[in-house]
Amino acid sequence: MKWKDWVHVTKLDPDKQLGPGDIDAIAASGTDALMLSGTLNVTKENLLALQKMIAQYDLPLVMEPAGPEAVLMEGIEYVFVPSVLNTTDVQWIVGKHRSWVQQQDGKIPWDMVVPEAYIVLNPASSVGRVTKAVCDLKPAEVAAYTEVADRYFHFPIVYIEYSGTYGAPAVVKAAAEAIDHAILYYGGGINSAEKAAEMGKYADTIVVGNAVYDQGASVLKATVDAVQ
């Protein structure tokens with residue numbers, strides 16, 4: 001299955017702890033892919049430790065780097081690289097990307113790289129604070145960012161990120177109506193089948209992360225079943 005066909009992705013944070021039984025249950029949940037992603041305290045060491053825990057399972061593995069200093073590429077199917085469109089700091093749009101390219105010095109396997117246009121909408125989240133995102137956006141403004149990402153910059157993914165809180169379905173609906181070519185991702189606060197189904201009406205792909213750590217793999221499976 002290609003990444004464009006995924007409907008459910010599980011986001012795993014290298015700064016959080018999972019037991020072997022948790023990994024078994026996540027792998028058996030029916031999720032389409034596993035994403036290694038975090039905002040704080042992400043290092044190559046804890047990324048490698050998490051990768052080792054999940055390497056035995058036959059699931060696509062995505063690296064979503066928080067910055068150029070910790071990016072895995074070996075044993076990874078795709079590297080999803082975010083650009084935060086609604087930030088006041090150009091580092092999060094293109095600056096860190098330039099640093100990564102310079103550091104790699106021609107070694108980036110570009111056929112693995114999938115650019116993401118992030119629209120971050122939770123000001124209390126780590127990603128919102130770190131990236132200095134302007135989060136108080138109306139649905140029409142989110143739709144406009146989505147159209148810019150899709151039609152002007154040609155990002156293959158537009159990612160509506162509420163990170164830790166459940167977002168407004170009207171906002172995701174507005175983004176869905178504005179999009180033409182890109183795949184629409186939604187992440188944030190999905191911890192039940194009902195929420196998964198609601199956001200799954202508008203987003204092509206839902207991402208579940210915190211619920212895995214807070215409520216366990218049974219909730220994860222319920223979110224998978226709601227969209228598949």
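Note: Cβ is positioned from N, Cα and C throughout, glycine not excepted.
In the three-state DSSP reading, G164 (sn-glycerol 1-phosphate binding site) counts as coil. What Swiss-Prot records for K11, Y159, I160, E161, Y162, S163, G164, G189, G209, N210 is sn-glycerol 1-phosphate binding site.
The feature Mg(2+) binding site is assigned by Swiss-Prot to D13, T39, with sequence analysis given as support. Other C-beta atoms found within 10 angstroms of the C-beta of T39 (Mg(2+) binding site) number 17, with every protein chain shown included.
Counting neighbouring Cβ atoms within 10 Å of each of the binding-site residues (G164, G209), the lowest count belongs to G164.
Neighbour density around each Cβ, counted as other Cβ atoms within 10 Å, peaks among the binding-site residues K11, D13, I160, Y162 at I160.
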